[in-house]
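Down below is the structure, laid out as structure tokens.
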Amino acid sequence: MTTQTPSLPNKPETLPTNTLDKSLDRQMIVILDFGSQYSELIARRIRETQVYSEVLSYRTTAQKLRQLNPKGIILSGGPNSVYDDRAPQCDPDIWQLGIPVLGVCYGMQLMVKQLGGQVEKALRGEYGKASLRIDDPTDLLTNVEDGSTMWMSHGDSCTRLPEGFSILAHTENTLCAAIADHDKKLFGVQFHPEVVHSVDGIALIRNFVYHICECEPTWTTEAFVDETIREIRAKVRDKRVLLALSGGVDSSTLAFLLHQAIGDNLTCMFIDQGFMRKGEPERLMDIFDKQFHIPVEYVNARDRFLKQLEGVTDPEKKRRLIGHEFIQVFEEESKRLGPFDYLAQGTLYPDVIESADTNIDPKTGERVAVKIKSHHNVGGLPKDLRFKLVEPLRKLFKDEVRKVGRSIGLPEEIVRRHPFPGPGLAIRIIGEVTSERLNILRDADFVVRDEIGKQGMYHDFWQAFAVLLPIRSVGVMGDQRTYAHPIVLRLISSEDGMTADWSRVPYDLLETISNRIVNEVKGVNRVVYDITSKPPGTIEWE
């Protein structure tokens, strides 16, 4: 077995597929999910190494795994304690498959317990950054520096290892920070190598994927595009598809893919609900209709959506009403333009994760919903939806969609457009949405985007936008007392939107944005800056 991290050949950018397609002879790493918030992030990290990965339930049987024939298995972290009576367990026959296994946090503790070791509540939990001291630098820890920072988040610890296991690394508070049974290719880490805070975490994941599982870097953007087009054609055949085009990278990439797959059987419809940013509806129609000759049906539904939100202040109700009205408009327009059999949506992994995030109840052992917020693409769909869904991007993260978009010729201004929520400015207005408040926020938001664009900093941020609060503050302008709205600036740095940090913006830029908003946007006399990270906050205010 090689002891050097493989240097990958110059391959195209890597991406995942949408489903487990048994017809394809594809190497795969399976992640068994025990309710961790990072399970999909593990999958993303593996895909970045040009190896396909899929997240499955922890209940997946050893027999099913044998049929799937993965090159390796990863047991995710989770919020529970393995010594609880109803703690989630994996099929113990997994250990007899002869497939390499890596347990992460809870996954490592479960491995230890099921194989005869012992796990107890730690005298002192370990949360945040920790220095990893390496005792055995082979296999899993090849090219991981001694003293490297890793991210810990655990209240339990392994106090006795199963027979055949040895300690690979420790930290100040955790004796068994990394363990291994080299003969059986069973490995465990108490930390989270998948998160950005773990400095050499990617090196460790590559070691598992390439050294231990002996995978090859075969998963590419081109492979995803080719397979997705084949899957769309196989599913849709000669049926007609209706696509909700928003102008963002998700729906635009989907439009290009669908147009390549089914041509004129695709109808793109842009429903202008009145919640988009300044100038976006006009620019969208120009790009698709005139520049790329992909016909788009324009529907002006601004008054309908605004009427639905009269008197509504609850953010979840806003999302539900917008989602419901969106589908209602779709159904009405489909009768006029149809018939249509499929509704195409640019749903992504983070949409699915945040709309129905799951946990495992320690009392019952069952997965339960821990709802964060209803996404426009997911939570707002009515139960009587007439369309069948086609969601080719459902397993992709935002950066992966951008890679696909770029590879199929999507304009760079769309590829690198900041993420924008389906309900648009309606959920950046805290409280009731009115025409007046929309105009205030739209103008303030334009100033933010205009200034960071002038400074050449647009692509330095994951998102940069304004939020309008439902309060007023006292000010003085031209020797006159004012009583007007405050605007919140939200500029975010992130890799994937799963976690995010507030951006350390130069004071001069903040000052310029603030001065312009106060002077150019009628009804605003104060600007504040949001310095909350995700978690504990979310990127959007609603």
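Each Cβ is built from the backbone N, Cα and C atoms, and glycine gets one as well.
Taken from Swiss-Prot as is:
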type: ACT_SITE; residues: Cys105; note: active site, nucleophile
type: ACT_SITE; residues: His192; note: active site
type: ACT_SITE; residues: Glu194; note: active site
type: BINDING; residues: Ser246, Gly247, Gly248, Val249, Asp250, Ser251, Ser252; note: ATP binding site
type: DOMAIN; residues: 28-218; note: domain 'Glutamine amidotransferase type-1'
type: DOMAIN; residues: 219-417; note: domain 'GMPS ATP-PPase'
Mean per-residue pLDDT computed across the domain 'GMPS ATP-PPase' (219-417): 82
Rounded to the nearest Å - Cα separation of Asp250 (ATP binding site) and Glu194 (active site): 24
Subset of recorded positions (His192, Ser246, Ser251, Ser252) lying within 10 A of the residue listed as 'active site, nucleophile', CA to CA, in sequence order: His192
DSSP state at Cys105 (active site, nucleophile), helix/strand/coil: coil
Chain-mates of Ser246, Gly247, Gly248, Val249, Asp250, Ser251, Ser252 with C-beta within 8 Å of site centroid, ATP: Leu245, Thr253, Leu254, Ala255, Gly346, Ile414, Arg417
Cβ atoms near Gly248 (ATP binding site) (within 10 Å, other residues, all chains): 21
Neighbour-count leader, CB within 10 A, binding-site residues: Ser246, Ser251, Ser252: Ser252
Nearest-integer angstrom distance between the alpha carbons (Cα) of His192 (active site) and Val249 (ATP binding site): 30
